[in-house]
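Taken straight from TrEMBL:
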| type | residues | note |
| --- | --- | --- |
| ACT_SITE | D74 | active site, proton acceptor |
| BINDING | D74, G75, R79, N149, E150, D179, T190, G191, Y192, S193, L194, S195, A214 | NAD(+) binding site |
Amino acid sequence: MKIAVYGQYYKDNTEDIIIKVLEVLNNHNAEIAFETNFYNVLIENNFLNITYPTFASHKELESGFDMFISIGGDGTMLRAATFVRDKNIPILGINAGRLGFLATVQQEDIEKLLPLIFTKEYKISSRTLLSLNYEGKDKELEDLDYALNEVTVSRKDTTSMITIETRLNGDYLNSYWADGLIISTPTGSTGYSLSCGGPILTPDVNSLVVTPIAPHNLNARPLVIPDDTDIELIVSSREEQHLVSLDSRIIAIDVETKLCIKKTDFKIHLVEFPQEKFLDTLRKKLLWGEDKRN
Ligand SMILES: NC(=O)c1ccc[n+]([C@@H]2O[C@H](COP(=O)([O-])OP(=O)(O)OC[C@H]3O[C@@H](n4cnc5c(N)ncnc54)[C@H](O)[C@@H]3O)[C@@H](O)[C@H]2O)c1
Ligand SMILES: Nc1ncnc2c1ncn2[C@@H]1O[C@H](COP(=O)(O)OP(=O)(O)OP(=O)(O)O)[C@@H](O)[C@H]1O
């Protein structure tokens with residue numbers, strides 16, 4: 001089995017995690033390659049005593065890998081998706097962070113769960129992605145291309161609100177007067193959108209959520225739409241530019257630019273172990289059932 005290993009940070013507990021991961025992978029004679037920056041930090045910390053092949057970008061990650069292991073929090077998983085893109089390589093998230101909605105394997109479970117990838121005792125949870133297009137889009141922005149959680153427009157360099165003219169499949173929906181607007185996938189529905197009052201969608205639902213950020217029109221509400229909808233946004237503002245983000249990545253764009261958002265024709269495949277299903281994660285992270293009154 002060919003396995004890619006990725007992490008963004010080197011912290012106190014990284015060594016412990018890597019030891020456990022490498023032990024399982026080596027016991028199963030896996031072929032291992034590391035993401036270049038992560039590899040360099042491991043080398044600097046005298047952690048690896050043999051050399052491994054590396055990959056520096058999505059272009060260098062061949063589709064021949066059987067699994068992509070992400071070591072970190074949900075932010076690292078979002079970044080992992082930008083390496084994998086349309087290559088159909090399943091992503092397994094080991095949670096070194098706090099929340100762990102996407103990175104679901106806890107450190108203490110590595111030895112128990114990781115061997116299951118070699119016996120194929122896991123399920124794949126396929127996740128919808130969003131793409132953003134607009135006239136004049138720079139080739140350099142390729143890395144921003146796909147969002148696993150959400151595409152967000154928001155105000156820049158001003159406290160005054162922006163107006164977001166929104167069309168669905170060409171039909172006018174609304175002009176939101178707000179701090180911003182979130183177009184969320186089911187995966188992203190437990191992220192920023194949830195904090196702005198959006199509903200939670202289970203990952204397999206074929207829908208998107210349009211969630212305004214602090215709208216001044218109090219009757220503007222989150223809206224669930226089919227995920228094959230072509231969404232068009234045009235922002236107007238007192239400033240010349242506004243922000244657009246795809247997951248953790250952000251850029252400034254001129255106001256009045258027509259932004260086209262739609263789902264991609266490929267999905268990201270997350271590894272899901274029977275012990276760590278979405279509903280279990282949801283219950284645990286949102287502390288459902290912890291209220292002793294019920
Ligand atoms: N007010 C908010 O809730 C808010 C604001 C900005 C961004 N975000 C979220 O943060 C994401 C970027 O993550 P980051 O690590 O770069 O930023 P970050 O370091 O600010 O972390 C954001 C938090 O969101 C959580 N998160 C990310 N994706 C999630 C998901 N699908 N379900 C549940 N929780 C999730 C992370 O675990 C983390 O605790 C964005 O895609 C957005 O969903 C949330
Ligand atoms: N490779 C790693 N080794 C050890 N700790 C890590 C590693 N990657 C991330 N962490 C820990 O997890 C924290 C969060 O990581 P990351 O930015 O990936 O996630 P996040 O989006 O903040 O999500 P979460 O809320 O789930 O932690 C880091 O600040 C760090 O403490």
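The backbone N, Cα and C atoms fix where each Cβ goes, glycine too.
Just so you know, TrEMBL annotations are computer predictions that nobody has curated.
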Candidates L194, A214: member of the binding-site residues with the richest Cβ shell (10 Å): L194
Reduced DSSP assignment, T190 (NAD(+) binding site): helix
Distance-selected recorded positions near ligand 1 (C-beta under 6 Å), from D74, T190, Y192, A214: D74, T190, Y192
Entries of D74, R79, T190, L194, A214 (recorded positions) sitting next to ligand 2, with Cβ under 6 Å as the cut-off: D74
Which same-chain residues, if any, lie at least 6 apart from T190 (NAD(+) binding site) yet have Cβ under 8 Å of it: F101, I200, L282, K285
Between L194 (NAD(+) binding site) and D74 (active site, proton acceptor): CA-CA distance (Å): 15
Largest separation between Cα atoms (Å) of residues that the record links to NAD(+), namely D74, G75, R79, N149, E150, D179, T190, G191, Y192, S193, L194, S195, A214: 27
Three-state secondary structure, E150 (NAD(+) binding site) (per DSSP): strand
